Amino acid sequence: MTDSQTSKWYKVDSSLLRVKGFYFFTFSAIGALLPFMALYMKQIGMTKSQTGIIYGLMPFVGFLVRPLFGAVADKFQKHKLILVLCCVLTGLCFILMIFIPSKHTEHTKVTTEIVCSQGDSFLQDCYHVNESINMGACPMSFHTYVTKAKEVISEESFVTTIVNSSSSDNVPYIISTMPNEQNVATKSKLSCSLNCNYKITPELPQKVCFTNTTGTYDAAECYSVNLNIGKRESHISFKIPDLGYLLNKEVISNRIKTNDQVCRTFDLKDVVYKGQEYWQMLCSDDTDFMCDLECSHVDTCTHKVADNLSQTSFWFFFILFLLGNILFAPIMSLGDAILYDLLGEEKRHKWGRQRLWGTVGFAMFAIVSTLIIDALTKTNMNSFSVSFILFCALNVATALISCLMKISHNLACGQLLKGTLSILREPKTAVFLLVVFYFGSLTGAIEAFLYWFLEDELGNKLKIIPGLCSLIACSAEIPLLYMSGYFIKRFGHMCCLYAAFLAYTVRFSLYSILENAWWVLPVELLHGVTFGIMWAAATSYGSILTPEGMSGTIQGLLSGVHFGFGKGVGSLVTGQLYSQIGIRWTFRLYAISSFVLLILYVLVNKFVFKEDSPTRPGEEVELKTGGEEEAEDRLLGSNIAEQNDTHAEFHDEPKTDEKTDSLRTEDI
């Protein structure tokens, strides 16, 4: 390598540092908040339906208000001022969300063990007689909690029932009897929610049976829950509605004393699973559970759990979220217009290289925010507050960078949807846009409820997993965006879109069978196909379908349909389906629909349009970079990407006669 080549490789263009800084800080802000927005809504007590509605409305808002900001900026030629104000005010709106009043029920963290068999299930707890009780330890033992709870429950609630019955092999065994009216009438006010993990030892699949019968395990009389199906460990959640009733069921004959240790056994009766009350819990095979309990508050080891958000708090959140999205919507469109003007004709081809600094910032702060939040969850602090603080600070940094950029006085943002109706009159284009809309709806479903699913269904408490999901998705997306030109030229646009349908089928199928939150990480590698390949093929195919001079219109329309209307509808529908049929069946429904639509789209293209992909041999594949836009767009449902893909409307692209057989990497 010559000296001139070496110097060129390491040369830093100082005039572009502000361009890199703009993208870096903008996407860093998004990466700090994106993985946790839905989880924060869950934490403050937002319901699934409310989350779906809010996530669903915001893309429409961004799509509608963005042209208005562009028109105002054009009229008064105050692009930089509007951009700076939007950055600062967006950060302010979101940081105010930390102070939204929410009602919480305080619980006490407890740990214990449950043994389950075909005949009965027991709560087992051991403690040392001579060991002083540490009321400050958290989580506390069941014995410590019971000792503290006696100050809350009257002594009459602790009458002990002695049951002496054993099987032929001298293993203590309980013959269950239904609670009488007196038991029911004296229920205490203390309850516990249990999240139990277990280790599977038999090779055969095990089942937990919730039943109202008094006999032994009978699959025909059960509400059965599969435990393993090939998994080494998993969990199950249920509730003990009345702790006083459980304490009445101590099996004295099973009490074991060894030196200074005492182990007590309580017959587990009257449990609640998925809102339905059952008499007992049985297992198809002997199973030991280690359980984390959230019990009624006894002024020790406090843990707050959000109740449903009040109407006042909901509207407070909604207004701040709405204002934040309105102000955030024009940031990238105005920023891109200014930055293209700053680059000028001679450096415009370097835009893609500047844009990649956005991906670097997104991935970096997604991990930084994740690690800090994961550490704060071990304290009593509001762990998500760090995401909002970082988001605000990084938006202010973006505003400062914007202040340093110089622009000309003839900058124009153009009209977003000029010629849309003429494009929609073409049936092939209309069907293609419906496909892009469907992909957008699946994106909305994943963004709004995937992390909720990991917490609710899989019991994930590690905040690092959402951050790693974002990192892996970006890591899979970037190389496939680079290689998408080759795939499109080799296989054609249609095959790439078919591959996206198939990848979504596999992706949602895998989501629906997950039993361990960590296994979501390899599944996120499919994001490279479902977005990287799909979006490259869609933008390229759209530009070929449209008449000359309307490339900017179709790109803006594609982004609006995918990131705006598609994401909005997907979030709304998924929120309702989650509440009605559960998230696992919602994911299965999306997997089935993706496969069915794949077949239909293949048939329509083959027998109705009767035309293969329009890519011709030797034709250069024009691609729009969009990976970071999509990641950025996932922030709050706003369709930011559409303006990035319509930069042709800001300025005419420089023409070139150079043709290559592969993707022009300098434009990515």
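Numbering starts at 1 and runs along the chain as displayed.
Yeah, the Cβs are placed from backbone N, Cα and C, and that goes for glycine too.
Heads up, TrEMBL stuff is auto-annotated, nobody curated it.
As annotated by TrEMBL, transmembrane segment applies to 21-40, 52-69, 81-100, 314-335, 356-376, 388-408, 429-452, 464-483, 495-513, 525-545, 557-579, 585-604. According to TrEMBL, the domain 'Major facilitator superfamily (MFS) profile' annotation covers 428-668. Look at TrEMBL and you will find 613-627, 644-668 tagged as compositional bias 'Basic and acidic residues'. What TrEMBL records for 613-668 is region 'Disordered'.
A contact between the transmembrane segment (81-100) and the transmembrane segment (388-408) is present, since 3 or more of their C-beta pairs, 6 or more residues apart, lie under 8 Å.
Across the candidate stretches 52-69, 429-452, 585-604, the maximum count of CB pairs under 8 A to the transmembrane segment (525-545) is reached by 429-452.
Counting Cβ pairs closer than 8 Å to the transmembrane segment (557-579), the top stretch among 52-69, 356-376, 464-483, 585-604 is 52-69. Below 8 angstroms of C-beta separation, residues 35-36, 38-39, 42, 48, 51-52, 55-56, 59, 423, 465-466, 469, 497, 500, 504, 508, 511, 520, 530-531, 534, 538, 541-542, 545-546, 554, 557-558, 561-571, 573-575, 578, 583, 586, 590, 594, 597, 601, 604, 609, 630, 634, 637 of the same chain, each at least six residues beyond the ends of the transmembrane segment (429-452), sit close to that stretch. Where the transmembrane segment (21-40) meets the stretches 52-69, 314-335, 356-376, 495-513, the count of C-beta pairs under 8 angstroms peaks at 356-376.
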